[in-house]
Amino acid sequence: MAPDTCCCSATALRRRLPVLAWVPDYSLQWLRLDFIAGLSVGLTVIPQALAYAEVAGLPPQYGLYSAFMGCFVYFFLGTSRDVTLGPTAIMSLLVSFYTFREPAYAVLLAFLSGCIQLAMGLLHLGFLLDFISCPVIKGFTSAASITIGFGQIKNLLGLQKIPRQFFLQVYHTFLHIGETRVGDAVLGLASMLLLLVLKCMREHMPPPHPEMPLAVKFSRGLVWTVTTARNALVVSSAALIAYAFEVTGSHPFVLTGKIAEGLPPVRIPPFSVTRDNKTISFSEMVQDMGAGLAVVPLMGLLESIAVAKSFASQNNYRIDANQELLAIGLTNVLGSLVSSYPVTGSFGRTAVNAQTGVCTPAGGLVTGALVLLSLNYLTSLFSYIPKSALAAVIITAVTPLFDVKIFRSLWRVQRLDLLPLCVTFLLSFWEIQYGILAGSLVSLLILLHSVARPKTQVSEGQIFVLQPASGLYFPAIDALREAITNRALEASPPRSAVLECTHISSVDYTVIVGLGELLEDFQKKGVALAFVGLQVPVLRTLLAADLKGFRYFTTLEEAEKFLQQEPGTEPNSIHEDAVPEQRSSLLKSPSGP
């Protein structure tokens, strides 16, 4: 085998298995930092996983089932050292909406979402995510933060029999507010206050420096440990308090209850399910999930790619977006074999990972191992965790998702983008897919309007000059013809015109036909239309079209000088052999400009 072939094969293998790129350089220093980061993330993900299972409407163990597979898959396939895959608030909300509190539906949704994500990665379809704009994403996540947060008020206050639909939830929560359990309310609010205080301490902790006294370094390390593991600390403390009351025969808190012990069995996803003595087939399950088969994989990819790009930019490295699609897709497919529901990249846990100095995705191995150990040995203790404490964890986790700044920023910068933001935000309270679909449609209409009606710069005078400020595509050709016709041909008398094409990088057949008809209109009026600033690919295309009366000039001055010739002078059409020498040489270059 030729050396070049071996080199290409090795490069391709490293691209598909990024672990091969950094493992040869792995060091003991990296191992120490990765271990600390993995442990920190593990202490964060365990209480969050239990809490997010509640958001998803599933038994608590399903949160833990969903929390470890991504750690191992991303070790091999991930291109970001910071990202951690697992259950998130947004994904849990979507799962709740599309799986009807049925674990079988949730696991099948993970499998099908993973297949779709894998296909997108293999076919390099990641660019499709670019059509969901930032205002749409912000509108959805802001609405989701309110939906998720308010949905936990019932657990925070110990209320029972509250519906899950948002508007009914709001109504019944206020209707039954008098049934608040004092124990749950006190514990929940105290847990939330403690979490907020610890988070504030973490954010305002002074950076370390070599000249710190040993006692100060130790104190800082202790505070850093407590604030980083604040979720685990608060949930563990609440569980101890609840256990103390339980052994005395008092029951002031609503507890999580019995959790299935042990590791999840490895089995294929359920392609049918029996409910109320009726077997629901695979096709019926797919039909029941409906739009979720598009919304869940797309939102999972968006959330994960957004997290990866954010931390890659912050920490000065690059990610491979299509490789990230493969990583998250395979995570969901393999996760479905161990009863996981759909997962994605977690911003909060990724931030913990980055702040603790993680060096490689190997930190995920520690996190995954910690989750497996907790499943195997600690599930009996998790049953004493009060639901109000988990509600406090969720509410403090989703509060930052509500982005007030985006509303102010768009008002100052681009008010039109407030339209898709508000449409998505408001409709997401009604139906999630309607919010995302309507917001994306509004964004697309705004984009199409700018394509169909590009802004132009106009210079009036004896010769009319028009310059499109952006590209020229087929939806815009009629508007362009109308603008030139109204200003030049319908003037009294008709006057010649120049089309300045500096910003036009390509033209399609419809544009060529429209320009040909425009040239004929100018000839009928006895005036001329000249083209200036054509890029080489566009010039090639127009010359190949052999448009009658086509004239091209290098500069605007040349065009104006030509068009201002004495009446009766017949100008010569410019063909490829008459193009200025510099341009002609470019035309002959197969590589373009």
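A Cβ is built for glycine as well, from the same backbone N, Cα and C atoms used for every other residue.
Record features, source Swiss-Prot:
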COMPBIAS  582-593  compositional bias 'Polar residues'
DOMAIN    453-566  domain 'STAS'
REGION    564-593  region 'Disordered'
TOPO_DOM  1-34  topological domain 'Extracellular'
TOPO_DOM  78-82  topological domain 'Extracellular'
TOPO_DOM  101-106  topological domain 'Cytoplasmic'
TOPO_DOM  128-176  topological domain 'Extracellular'
TOPO_DOM  198-233  topological domain 'Cytoplasmic'
TOPO_DOM  255-287  topological domain 'Extracellular'
TOPO_DOM  309-324  topological domain 'Cytoplasmic'
TOPO_DOM  346-361  topological domain 'Extracellular'
TOPO_DOM  405-417  topological domain 'Extracellular'
TOPO_DOM  439-593  topological domain 'Cytoplasmic'
TRANSMEM  35-55  transmembrane segment
TRANSMEM  57-77  transmembrane segment
TRANSMEM  83-100  transmembrane segment
TRANSMEM  107-127  transmembrane segment
TRANSMEM  177-197  transmembrane segment
TRANSMEM  234-254  transmembrane segment
TRANSMEM  288-308  transmembrane segment
TRANSMEM  325-345  transmembrane segment
TRANSMEM  362-382  transmembrane segment
TRANSMEM  384-404  transmembrane segment
TRANSMEM  418-438  transmembrane segment
Beyond the flanks of the topological domain 'Cytoplasmic' (309-324) by 6 or more, those residues with Cβ under 8 Å of it: 15-16, 18, 77-83, 121, 124, 126, 347, 350-351, 354
Top partner of the transmembrane segment (35-55) among 107-127, 234-254, 362-382, 418-438 - counted as Cβ pairs under 8 Å: 362-382
Per-region confidence, the topological domain 'Extracellular' (78-82) (mean pLDDT, whole number): 92
Positions whose Cβ lies under 8 angstroms from the transmembrane segment (362-382), at least six residues beyond its ends: 26, 30-31, 33-35, 37-39, 41-43, 45-46, 49-50, 60-61, 64-65, 67-72, 74-75, 78, 81, 84-85, 239, 256, 259-264, 353
For the topological domain 'Extracellular' (346-361), distant same-chain residues with Cβ under 8 A (at least six beyond the ends): 19, 22, 26, 29-30, 33-34, 36-38, 40-41, 44-45, 48, 74-75, 78, 80-88, 228, 303, 307, 310-311, 314-315, 397
Residues of the parent chain within Cβ reach of the transmembrane segment (418-438), under 8 Å, 6 or more residues beyond its termini: 93-94, 97, 132-133, 135-136, 138-140, 142-144, 146-147, 166-167, 291-292, 294-295, 299, 406-407, 410-411, 446
